[in-house]
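**Student:** Here it is: the structure, laid out below.
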Amino acid sequence: MYAVVLLVCCSWVALLCPSVQAYENLALNKSAFQNSVWRYYTGAERAVDGRYTDLSWGGGQCAVSYLKQTVQWRVDLEGVKYIHHVFIQYATNNRVWDENNHATGKFLGFSVYISNTTNKEDGELCFRDTNYTKATIPNPVNITCPYHGRYVIYYNNRTHPPYPEGYSDYTDTDLCEVEVYGCDVYTYGVDCKRCGNCSGGVQCNHVTGSCPKGCDAGIYGDKCDLECGNNTYGVECKELCGNCSNGEPCHHVDGTCPHGCDAGMYGDKCDKECGNKTYGVECKELCGNCSNGKPCHHVDGTCPHGCVAGMYGDKCDKECGNNTYGMECKELCGNCSNGESCHHVDGTCQNGCVAGMYGDKCDKECGNNTYGMECKELCGNCSNGEPCHHVDGTCPHGCDAGMYGVTCKESCGNCSNGEPCHHVDGTCPHGCDAGMYGDKCDKECGNNTYGMECKELCGNCSNGEPCHHVDGTCQNGCVTGMYGDKCDKECGNNTYGMECKELCGNCSNGEPCHHVDGTCPNGCDAGMYGDKCDKECGNNTYGMECEELCGNCSNGEPCHRVDGTCPHGCVAGIYGDKCDKECGNKTYGVECKELCGNCSKGEPCHHVDGTCPHGCDAGMYGVTCKESCGNCSNGEPCHHVDGTCPHGCDAGMYGVTCKESCGNCSNGEPCHHVDGTCPNGCDAGMYGVTCKESCGHCSNGDTCNDVDGSCPYGCDVGVYGKTCDEACQSGRYGISCAKACGQNCRGCNRFNGVCELGCYPGWTGTFCEKRSTYVFKYLLSCNQFSAQNPYCITTYTKYFIVMILKYGPC
């Protein structure tokens with residue numbers, strides 16, 4: 001549904017159009033925005049909903065904002081449109097619109113912008129009020145805005161006082177309806193007709209539809225709505241069409257030919273003559289072989305200057321025939337193979353020559369002792385070195401000695417004693433050499449035979465191979481189990497297999513194994529098994545045929561495969577060489593070394609873990625009944641398993657088993673029966689949780705802390721540490737070891753620092769703090785001083801110090 005508005009002429013400057021036109025309301029129900037909203041029913045969208053019968057502020061048909069110094073309202077046309085004019089209906093609060101209406105002063109000074117962004121500064125100022133007064137401002141108002149844009153922005157402000165007379169101090173929107181009339185882009189006229197094809201996609205004139213910068217290629221006319229004709233195309237229809245098929249016009253924009261080109265032309269525009277030795281429709285025909293490589297005619301393919309060698313015809317597309325070749329087909333071919341024609345250009349024979357001929361043109365007879373096809377056959381051994389026939393290779397005067405046959409190429413066989421064979425058929429008159437047979441003695445012995453007349457049988461050669469036809473040897477070795485040059489001997493010396501390299505296993509009674517597969521015919525020695533008796537007994541077995549079961553060897557080790565003994569002893573509770581006997585005599589465990597405890601009524605314990613099947617004797621407890629009961633109250637027996645006392649401990653004892661003695665509790669009080677703690681602390685000189693620790697050497701004999709043993713006022717002389725029970729370390733003495741002994745002291749007393757072993761040489765005094773009085777000075781050269789003592793070397797003797805000083809700088 002389009003909204004239509006009629007614009008009536010009036011005297012409002014720059015506001016009204018002078019004629020009646022019809023445009024679409026582009027703002028209807030589009031998204032709108034204002035920078036503040038007075039009530040929820042006065043949002044920006046109310047100004048584009050098409051309703052403005054109620055012009056009051058609270059009627060729900062107007063966009064109303066708060067009074068502010070700056071207000072802005074805008075509508076998004078959802079794309080760049082051509083705008084003709086804007087219609088604005090202000091809110092009147094349903095009162096007469098004149099200078100007495102309170103609202104008029106708020107609209108004075110308003111502006112309208114057209115922009116492609118939400119920022120008015122990016123767009124065009126369509127209108128700004130600088131002349132209206134409260135008495136003259138119209139409502140509604142029509143504003144002509146011949147611009148393109150996406151956003152129509154209403155703006156007003158009160159930011160730069162003083163204001164003209166009648167202006168309110170603040171402003172707001174109060175817009176009941178804003179209608180934006182115009183067309184989509186690329187339209188013109190009262191009916192919003194589509195623009196023609198303006199150059200570069202430029203918008204046509206919105207009134208006349210003319211294109212300001214001309215037309216796109218292929219189009220002409222004031223409105224660029226006519227296609228090129230008269231065999232033209234392109235910009236301003238200035239280009240001429242090419243040679244389109246059957247005289248059809250080309251495409252009006254790019255000049256292409258829709259159905260191809262006339263014969264001899266190619267290209268999208270059919271404006272190029274055939275090249276690259278082509279002609280005809282679509283240049284699909286290939287030129288013949290025109291003379292000197294010249295092109296044929298681009299339309300009919302004829303050669304204006306004749307043909308190359310080997311070709312003839314108007315188009316030079318026919319090869320020479322009838323055994324001819326060359327220019328104008330005037331040359332005769334040579335002797336080509338199988339009577340084939342020679343090459344039409346140069347006379348060469350493509351598939352060679354007939355027998356006895358050679359050369360590219362097959363016009364030369366074979367020479368150099370050759371004959372046959374391509375002269376590849378060498379002549380045989382003709383008598384006296386004569387040449388053979390160039391075609392069939394026959395020798396005109398027979399063969400040389402030792403040769404026979406038509407071409408004297410066959411060598412005589414191995415005739416007996418080197419006799420010559422028959423010169424025609426090659427037969428041997430007195431038989432063959434060893435290893436050969438046949439009339440011509442040219443066949444080696446077969447069928448596993450060798451020697452004279454092939455009467456000897458071969459041995460057992462590897463993989464069934466034949467032996468040497470002369471001497472019977474096996475070239476690649478023997479079959480499994482055989483050895484010797486002729487492979488006619490079985491393996492021995494306790495061996496078998498290929499080349500007798502495999503050693504037999506442990507066959508029973510030392511018997512030899514089978515020479516081929518190594519199997520033992522009468523079984524294995526004790527401790528071995530398998531067809532070849534090469535596997536030791538396993539799975540806890542031993543002996544003959546591995547039928548005996550092992551005992552309980554230590555750590556699950558296998559027993560000895562022959563006699564069943566255990567190399568590293570037995571599991572706990574078992575003994576004997578074969579670990580097949582349980583411990584006895586009140587022993588148990590590994591090697592039966594553990595003695596049983598005090599089992600009830602003297603019963604033996606379990607041979608593995610030493611447990612007593614029926615409990616312990618009185619006064620004993622534990623898994624093996626080896627633990628003695630503690631001091632249970634009134635001499636009661638303890639629990640037989642964990643040793644606990646059912647009614648507590650005797651006086652002075654504590655702990656779960658009443659085996660711990662109480663410490664030195666204050667005033668001899670009893671300790672706690674479970675953990676041994678003293679309820680009221682320790683006796684003097686004792687400390688710790690159970691008052692069993694003695695205090696160290698506290699200063700002035702003070703008592704230590706009864707919990708951690710620390711001394712409240714430090715340690716006595718000669719000791720240090722938290723509990724004052726550590727003697728001073730070497731080089732320290734006095735209270736808490738706080739003083740350092742003299743550096744020259746030997747055997748410093750940790751109590752008073754006296755040097756009990758005297759002083760080092762050169763020193764004296766109680767603490768070795770004084771030097772001896774005798775000092776001698778000597779002078780030495782520089783090279784006797786080190787980096788550590790660059791100025792003075794001091795040595796000591798039994799009675800005095802010798803100090804050696806450096807003389808002068810080094």
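Cβ coordinates are placed from backbone N, Cα and C, and glycine is handled just like the others.
Curation does not apply to TrEMBL; its annotations are automatic.
TrEMBL lists these features:
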SIGNAL    1-22  signal peptide
DOMAIN    191-225  domain 'EGF-like'
DOMAIN    236-271  domain 'EGF-like'
DOMAIN    282-317  domain 'EGF-like'
DOMAIN    328-363  domain 'EGF-like'
DOMAIN    411-442  domain 'EGF-like'
DOMAIN    453-488  domain 'EGF-like'
DOMAIN    499-534  domain 'EGF-like'
DOMAIN    545-580  domain 'EGF-like'
DOMAIN    591-626  domain 'EGF-like'
DOMAIN    628-659  domain 'EGF-like'
DOMAIN    661-692  domain 'EGF-like'
DOMAIN    736-769  domain 'EGF-like'
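Could you place the listed features in the three-dimensional structure?
**Tutor:** Using a Cβ-Cβ cut-off under 8 Å and counting only residues 6 or more beyond its ends in the same chain, the domain 'EGF-like' (191-225) has close neighbours at 22-24, 82, 84, 146, 148, 183-185, 233-237, 251-254.
The list of residues near the domain 'EGF-like' (236-271) in space but at least 6 beyond its ends in sequence, with Cβ under 8 angstroms from a Cβ of it, reads 214-220, 227-230, 279-283, 297-299.
With a cut-off of 8 Å between Cβ atoms, the residues of this chain six or more beyond the domain 'EGF-like' (282-317) that come close are 260-261, 263-266, 273-276, 325-329, 343-346.
Per-class residue totals from DSSP over the domain 'EGF-like' (328-363), listed helix then strand then coil: 5 helix, 6 strand, 25 coil.
Beyond the domain 'EGF-like' (411-442), the same-chain residues lying 6 or more positions past its ends with a Cβ under 8 Å from any Cβ of the stretch are 398-399, 401-405, 450-454, 468-471.
Confidence across the domain 'EGF-like' (453-488), taken as the mean pLDDT and rounded to a whole number, stands at 89.
Same-chain residues lying 6+ beyond the ends of the domain 'EGF-like' (499-534) with a Cβ under 8 Å from its Cβ atoms: 477-478, 480-483, 490-493, 542-546, 560-562.
Tertiary neighbourhood of the domain 'EGF-like' (545-580): same-chain residues 523-524, 526-529, 536-538, 588-592, 606-609, selected by CB-CB distance under 8 Å and a gap of 6+ residues from either end.
Note on the domain 'EGF-like' (591-626): residues 569-570, 572-575, 582-585, 637-643 of its chain, located 6 or more positions outside it, place their CB under 8 angstroms from a CB of the stretch.
If you look at the domain 'EGF-like' (628-659), the same-chain residues 6 or more away from its ends with a CB under 8 A from one of its CBs are 615-616, 618-622, 670-676.
Cβ atoms under 8 Å from those of the domain 'EGF-like' (661-692) belong to residues 648-649, 651-655, 703-709 of the same chain, restricted to positions at least 6 beyond its ends.
As a summary of secondary structure, the domain 'EGF-like' (736-769) carries 0 helix, 8 strand, 26 coil according to DSSP.
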**Student:** I need to check the long-range neighbours of the domain 'EGF-like' (453-488): which residues 6 or more away from its ends have a CB within less than 8 Å of a CB in the stretch?
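**Tutor:** Contacts with the domain 'EGF-like' (453-488): 431-432, 434-437, 444-447, 496-500, 514-517.
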**Student:** Per DSSP, how many helix, strand and coil residues does the domain 'EGF-like' (453-488) have?
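**Tutor:** Counts, helix then strand then coil: 5 helix, 6 strand, 25 coil.
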